[in-house]
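These come from TrEMBL:
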BINDING   31, 33, 58, 79, 104, 129  S-adenosyl-L-methionine binding site
DOMAIN    38-214  domain 'Ribosomal RNA adenine methylase transferase N-terminal'
Ligand code: SAM
């Protein structure tokens, strides 16, 4: 396709929107991409080829969808806004390898969608300019459902991307960093200026790539218990790990049992939750679980 025909140019985007009388809904995180360079950067980061599949969440008017259809064998795009479906059908008409699904991705049966659309495909990437109001629930759903996904390349709020990729001991490191890094290896691809969107969001943006792990980096007996311990340890960032865990799991009567357990796990009780690595949380969860502290 010639570049003047492509969807993501300011001129063509404005023309499509005006012709369909479309108005942006802030509540659905509708900030559309109008920059060819950034679209190419996103698609390149996903490493697609003619044998691979792409799942897009929130195709908008199809700017990224078009690029994905040119780079992958098949694209499945899930869009919540019914008003965009006829627009997408029109602008994406030249691409028979795109399947549109109208619905809320958070309520969509993704394993069934994968079975229906990607059963003949070995490697699938999720590629999206995500609606920022639901970034975390969408990414956690994709990771927790353990779908056959190789990598996830998404535009998200810069601050959230930094939290996902943060290392222990930094101010950005928290429950989100641990949850994302348990399932994937995050890598910041680029920081993105406001000017590539219409309308422009009032937060900074970044593209992040999550390489989905075949198995978690640590072995845990119970994921539920592991994440319960992580959440409890960050309940109040300024408290020590011992104080946070006491408030969550212990009573006045048995609180003295905690320190020996922390020592057994190799963790100094005066440390703060934000200094512990995933490996240390796994060890701590194992010791607490063995002592019957926490769920299961
Ligand atoms: N991909 C387009 C682009 O880059 O120009 C649009 C991206 S815009 C940031 C987010 C899109 O996600 C919008 O089209 C919005 O309607 C859609 N959306 C919002 N919430 C959604 C949800 N829960 N499920 C599916 N799509 C959603």
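For all residues, glycine too, the Cβ spot is worked out from N, Cα and C.
Small disclaimer: the values here were computed from a predicted structure and weren't measured.
Structure coloured by features recorded in TrEMBL.
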residue	record	Cβ contacts under 8 Å, 6 or more apart
31	S-adenosyl-L-methionine binding site	24, 129, 132, 197, 198, 199, 200, 201
33	S-adenosyl-L-methionine binding site	8, 39, 60, 63, 64, 129, 155, 196, 197
58	S-adenosyl-L-methionine binding site	29, 78, 79, 80, 105, 128, 129, 130, 131
104	S-adenosyl-L-methionine binding site	80
